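Read the structure below first, then the notes.
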Amino acid sequence: MDKFVITGGVPLKGTIPTNGSKNSALPALAAALLTAEPVTLHRVPRVRDIRTMERLLVDIGTTVDVEGETVRLRTERIVSPEAPYELVKTMRASSLVLGPLVARSGRARVSLPGGCAIGARPINLHIFGLEQLGAKINQTHGYIEAVAPDGLRGAVVHFDRITVTGTEDLMMAAVLAKGETLLRNAAREPEVVDLAELLIKMGAKIEGAGTSTIRIQGVESLGGAVHAIIADRIEAGTFLVAGAITGGDLTVTDCIPEHVGALVSKLQQAGVDVTQPSETTVRVRGTGRLRSVDMTTEEYPGFATDLQAQYMALMTQAEGIAVVIENIFENRFMHAQELARMGANIRIDGRQAIVAGPRELTGAGVIASDLRASASLVLGALVARGETVIDRVYHIDRGYEKIEAKLAGVGAKIRRVE
């Protein structure tokens, strides 16, 4: 298994680019199942979860052609409407094929999703929504089996809690359903809007994406489309924290500043100089001692749960006490123990973490437990005295493309070893 070896203490300086969004590309790839026509996606990051989804689509019957960051897909027919455990055990986004498969072929058999072990990610919201649209669903032997031999029909679906993948899955199912579907308490994330824009290009009738109520008028069939994936706001945010925690001068390019607005606000409150040189760039400059600032994760446009671990690493270097509250997922503080091995003072109390700083971090051997936790360990290592070895970096490869090369390009002393 690969490891990262990082020697800290170097302020990051220069320009670092942002890739397309993994969390936007995954549902866009799944959307190709909804049509027999070609779908071309640009700016698709070459990360592990994407490659897993592409292999799954090939198994289902999609022709997948990859050329750099462009992926061309065509699903002339559904050969096997199944997502087997062997393929999807490492990826929670496997549930995104459930809606498209039932909508297009009338049946689906999807293994319960894997991915990060960060508590309950309730697929029951997907199941409830599909049942409202008329699907018959059984859960057996770790699989969800759904059938709708007469097709899906429009309905009002009210989500008990906001769910991004659930909103995306139901939106894809509803575009081919008979009649009108209303999704209430829908997720407002930029990735949901990006998927809606792709589906509209394919011929879907969708209104309200980006609000809490999405209206979908079903159509007989969808056509092909060409679409560019939006910038990855989580990768951009990770790099902004990297610049701030090292006291550097880092410009993050090819991003959408509005999508990292909640993080930028917290960075500014903490004493970081943040500017926006252009519509697609954000610059961070360290100004000396950081101030502790409390933070609570929320659905968009609030502070993203996927940036909570990175923010916690930053707060280990801030003056005072910061309370970090995790409202989205349970059991998402596994990085705290590893940061503590490096010298951080963090106390966990249920859904909140109390971070006292500043503490000098020192290099240590640490283990990545999930995708975003691994990013926080990289950030801690960048500011730590001495050498840090991070094991199980396959977690970070699920969502970041060549992060070590990007960070090395702005001065970080980081290398990958087998």
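Note: Cβ is positioned from N, Cα and C throughout, glycine not excepted.
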Among Ile60, Ile127, Ile328, Ile346 - the residue Swiss-Prot places in the same UDP-N-acetyl-alpha-D-glucosamine site as Arg92, Asp306: Ile328
Pairwise CA distance, Arg92 (UDP-N-acetyl-alpha-D-glucosamine binding site) versus Asn23 (phosphoenolpyruvate binding site), rounded so that it is a whole Å: 11
DSSP three-state assignment for Asp306 (UDP-N-acetyl-alpha-D-glucosamine binding site): helix
